[in-house]
Amino acid sequence: MNLKQFTCLSCAQLLAILLFIFAFFPRKIVLTGISKQDPDQDRDLQRDRPFQKLVFVIIDALRSDFLFDSQISHFNNVHQWLNTGEAWGYTSFANPPTVTLPRLKSITTGSTPSFIDLLLNVAQDIDSNDLSEHDSWLQQFIQHNNTIRFMGDDTWLKLFPQQWFDFADPTHSFFVSDFTQVDNNVTRNLPGKLFQEWAQWDVAILHYLGLDHIGHKDGPHSKFMAAKHQEMDSILKSIYDEVLEHEDDDDTLICVLGDHGMNELGNHGGSSAGETSAGLLFLSPKLAQFARPESQVNYTLPINASPDWNFQYLETVQQIDIVPTIAALFGMPIPMNSVGIIIPDFLQLLPNKLASMKENFMHLWKLSDHHGEVALDDFTAEDIYTKMYTIQETLTKSATNYNYPLLTLAFVGFLIITIIAIYVLLRYSGPDFWQLRVSSLSVLLVSIILGVSTFASSFIEEEHQLWWWIVTAFSAVPLFVYRLNVLIIVRWFIMMACVRSIKFWNNSGQKFIYSNVMSNLLNQNPSWKWCLNMLTFLVLIMASAGFQVLHFIVTTILVGLCFTYKISWEIVNGNQAEIPLFMHDLLAKIDFAPTESNLIVLARVFFQAWAIVVISRLVLTKLKVLNKNYLIKDMKVYITILLMFQTSSQNIGQFLVFQILESQIFYFFQNIPTASLTSTSKIYFSNLVSLILQNFTFFQFGGTNSISTIDLGNAYHGVSSDYNIYVVGILMSVANFAPAIYWSMLPWSINYASIPAQVKLQTFIRSKLPAFTYHCIFGTCLMTACVVLRFHLFIWSVFSPKLCYFLGWNFVMGLLNGWLPELALLCALD
């Protein structure tokens with residue numbers, strides 16, 4: 001197989017994956033049109049509606065305990081309003097995927113999200129996100145000639161036309177490094193655009209992002225979280241005070257909610273209790289005139305809850321229930337695609353609660369493909385709600401229609417590619433079955449083990465355990481291949497110690513969390529952490545000292561920039577107390593002031609310097625100005641520095657362990673008995689070991705198969721608020737796949753160090769076959785599992801995220817990282 005054929009095969013594989021994903025995650029079929037009422041009925045409802053103004057406040061990632069739990073909540077004014085009955089509180093269940101765009105669609109239309117909205121959450125410029133033709137409570141307000149003003153997350157303007165808003169001041173939602181200015185940009189408009197012009201608007205939408213950004217950076221227990229709670233609480237008080245001043249003019253409802261929650265790492269996107277349990281609050285002086293929700297009467301806020309409450313405070317409602325509730329409270333018809341149910345506590349506010357219940361029931365009845373009227377006269381309110389909850393459950397479960405023809409095409413195409421990949425892998429091993437090498441059979445064995453595991457949701461959630469067992473098994477190989485002596489045994493023990501250290505470094509998987517892991521110990525002892533980080537950087541510099549003087553100088557400069565940035569980043573983000581004093585003195589001596597603006601400049605200087613160094617090294621080697629014998633070592637050092645730059649401080653020390661482990665593995669490959677391996681077998685084995693370590697370290701870096709553990713905190717180095725989504729995407733990919741990228745370089749020195757130039761391309765193709773075959777076999781099993789288990793309880797929370805990760809591994813590691821750096825290296829070596 002030549003390079004052109006293999007390139008076509010790889011592109012076809014990626015295309016088949018994309019086709020399968022878009023067939024498996026189709027856009028939901030929604031009803032077109034806008035709900036309307038009889039003109040006379042509409043006029044009466046508008047006249048008698050309980051509220052005239054709506055202030056809709058979204059505090060991004062406002063988890064339920066942030067509002068209600070005494071151990072973490074600092075919303076003191078909210079607690080007071082809840083206890084006086086001016087506010088009614090709930091825990092709202094947010095259907096996964098728990099990211100902003102699909103949650104906003106649900107909150108405004110009342111429909112359940114499709115999983116493809118998770119992908120569109122990043123690609124927010126796609127026209128299909130537009131809800132201007134879909135019914136929503138915003139559409140209903142527009143139809144009833146209400147004026148809407150908006151401030152906050154610019155995702156709203158990707159969903160709704162800007163001309164719908166009398167005033168709009170958007171802020172970027174993905175710039176997670178900022179959690180101060182992003183909220184000030186919203187609050188600055190309150191005096192002028194809301195308070196002073198109170199009579200000029202009917203609906204105000206405020207979407208605050210700062211709390212979510214703090215979660216992404218430091219988690220729910222961040223030192224910044226209490227102050228952010230108090231800031232949001234004071235903003236709500238200022239709005240409520242303004243409502244009280246205008247109490248005689250109109251009735252205003254303030255609705256405060258989180259679009260989703262967050263997990264204990266501060267991330268979201270998955271289906272854990274913390275991510276799906278968002279806080280919900282309705283606030284108005286009028287509410288004090290009615291009976292409080294029964295669940296609220298029994299408690300004095302804040303609540304001292306026990307851990308087994310699992311974020312369920314007061315009464316739990318579906319987040320989509322907000323939509324018909326708002327529609328009823330403002331005398332509007334329920335949006336066309338809403339599957340929500342009016343929150344029962346609000347029926348007492350409605351002028352005709354029985355009619356509202358019946359309208360809600362008939363709306364759901366028709367959505368469930370039933371036709372004709374239903375006699376509800378003999379049913380009690382409880383009976384009607386019981387039936388509505390049953391219909392709602394059915395509608396939310398049957399929200400997806402699969403594109404079976406496209407699924408079949410994609411799967412058959414991928415299966416054909418898999419058969420070709422296995423054939424090519426085995427053909428290079430030997431001319432017949434009896435000459436098949438252990439190396440190729442090992443590739444198939446690992447692929448089949450991981451592939452079969454995809455049929456069990458628990459194995460997907462705890463995939464790291466499988467890689468741990470495989471790493472442990474392969475670590476025993478040197479004991480059987482080499483003639484044992486003291487040196488071999490010592491190196492083997494060092495290798496095992498490194499593997500165990502990596503396993504101990506972070507929590508991995510989704511089911512169990514342990515407190516005594518290395519990353520937690522380092523965070524609790526920051527002086528140890530930074531001494532270890534400094535040692536890691538120094539070892540990298542010293543490792544380059546034996547090559548060339550120019551390389552040593554360049555490495556020292558890059559390491560200096562990287563280390564200075566990592567220290568400065570901690571200081572700017574409020575962790576200056578964790579930085580040892582001598583490092584503060586170091587910054588003072590180089591006259592660098594750690595500020596947010598200086599951080600952006602420093603990061604850009606690093607990236608530019610790194611790019612110049614890498615490109616220059618490749619070009620000068622190609623021109624034979626620099627010695628090509630050191631090119632592979634030099635490039636590995638430069639790439640490692642970039643990976644450390646994109647790594648969180650508690651994980652930088654892992655690269656020291658990586659370097660020690662790599663040196664032991666390299667020794668074993670260099671000294672393997674000649675009779676034990678053919679050249680092809682050596683290529684296969686080195687790349688199989690690389691593949692195993694890529695996956696093993698990915699999980700031990702803190703990665704999982706859940707969307708919620710994607711690292712966004714390191715995706716904005718050098719990025720200002722006016723960011724480029726493609727740059728952020730590249731930085732995010734490097735940050736999340738940093739350990740995998742490191743181990744993808746392992747075979748370079750083994751496979752390319754001493755082979756003739758004319759066989760380098762064939763070596764490249766053979767080196768890609770193990771990973772390519774693995775992804776083909778694993779992907780075939782995963783696709784089969786997704787189709788067979790498409791009605792499984794965990795299809796959206798476990799299998800679908802894994803499908804997205806599979807795409808990421810193939811695109812980032814298989815295509816971008818697997819091809820571009822290595823081909824550039826081979827081109828320079830010619």
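Backbone N, Cα and C atoms are what each Cβ position is placed from, and that goes for glycine too.
Given the structure is predicted, the values throughout are model-derived calculations rather than measurements.
For 1-32, the entry in Swiss-Prot reads signal peptide, with the evidence type sequence analysis.
As annotated by Swiss-Prot, topological domain 'Lumenal' applies to 33-321 (among others).
Secondary structure from DSSP puts N145 (N-linked glycosylation site) in coil. Taking a C-beta cut-off of under 8 angstroms and a sequence separation of 6 or more, N145 (N-linked glycosylation site) has no same-chain neighbours. Residues annotated as N-linked glycosylation site in Swiss-Prot: N145 (among others).
Look at Swiss-Prot and you will find N185 (among others) tagged as N-linked glycosylation site, backed by sequence analysis. The local packing around N185 (N-linked glycosylation site), expressed as other Cβ atoms within 10 Å of its Cβ over all shown chains, amounts to 19.
Following the DSSP three-state reduction, the secondary structure of N298 (N-linked glycosylation site) is coil. If you look up Swiss-Prot, you'll see N298 (among others) marked as N-linked glycosylation site, on the strength of sequence analysis.
Annotation source Swiss-Prot lists transmembrane segment at 322-342 (among others).
If you look up Swiss-Prot, you'll see 343-405 (among others) marked as topological domain 'Cytoplasmic', on the strength of sequence analysis.
Among residues of the same chain six or more beyond the transmembrane segment (406-426), those with a C-beta under 8 A of the stretch's C-beta atoms are 1, 9, 12-13, 15-17, 19-20, 22-24, 436, 440, 443-444, 684, 769-770, 772-773, 776-777, 779-780, 783-784, 787. Among the features that Swiss-Prot reports, transmembrane segment is placed at 406-426 (among others), with the record citing sequence analysis.
What Swiss-Prot records for 427-439 (among others) is topological domain 'Lumenal'.
Positions annotated as transmembrane segment by Swiss-Prot: 440-460 (among others).
Taken from Swiss-Prot, the feature topological domain 'Cytoplasmic' covers 461-469 (among others). The topological domain 'Cytoplasmic' (461-469) scores a mean pLDDT of 94 in the predicted structure.
Note on the transmembrane segment (470-490): residues 446, 449, 496, 499, 668, 671-673, 676, 689, 692-693, 696 of its chain, located 6 or more positions outside it, place their CB under 8 angstroms from a CB of the stretch. Marked as transmembrane segment by Swiss-Prot on the basis of sequence analysis: 470-490 (among others).
The topological domain 'Lumenal' feature in Swiss-Prot is assigned to 491-533 (among others).
Feature annotation from Swiss-Prot assigns N-linked glycosylation site to N506 (among others); the stated evidence is sequence analysis. The number of other Cβ atoms within 10 Å of the Cβ belonging to N506 (N-linked glycosylation site), over all protein chains shown, comes to 20.
Per Swiss-Prot, transmembrane segment is recorded for 534-554 (among others), and the stated evidence type is sequence analysis.
Residues annotated as topological domain 'Cytoplasmic' in Swiss-Prot: 555-598 (among others). For the topological domain 'Cytoplasmic' (555-598), the DSSP counts in helix, strand and coil order read 33 helix, 0 strand, 11 coil.
Same-chain residues lying 6+ beyond the ends of the topological domain 'Lumenal' (620-651) with a Cβ under 8 Å from its Cβ atoms: 505-506, 518-519, 522-523, 529-530, 533, 536-537, 540, 543-544, 547-548, 550-551, 555, 558-559, 562, 565-566, 570, 606, 610, 613-614, 659, 701-702, 711, 713-714, 717, 731, 734-735, 738-739, 741-742, 745, 748-749, 752-753, 821, 825, 827-830. Cβ neighbour count for N298 (N-linked glycosylation site) (all protein chains, 10 Å cutoff from its Cβ): 10. Here the Cα atom of N506 (N-linked glycosylation site) is found 37 Å from that of N185 (N-linked glycosylation site). Within the same chain, the transmembrane segment (769-789) packs against the transmembrane segment (806-826): three or more Cβ pairs sit under 8 Å, each pair at least 6 residues apart.
For N185 (N-linked glycosylation site) paired with N298 (N-linked glycosylation site), the C-alpha to C-alpha distance reads 39 Å. Across the range of the topological domain 'Lumenal' (491-533), the DSSP-based residue counts are 30 helix, 0 strand, 13 coil. In this chain, the transmembrane segment (725-745) lies close to the transmembrane segment (652-672): three or more C-beta pairs between them fall below 8 angstroms, excluding pairs fewer than 6 positions apart. Across the candidate stretches 322-342, 599-619, 652-672, 683-703, 806-826, the maximum count of CB pairs under 8 A to the transmembrane segment (534-554) is reached by 652-672.
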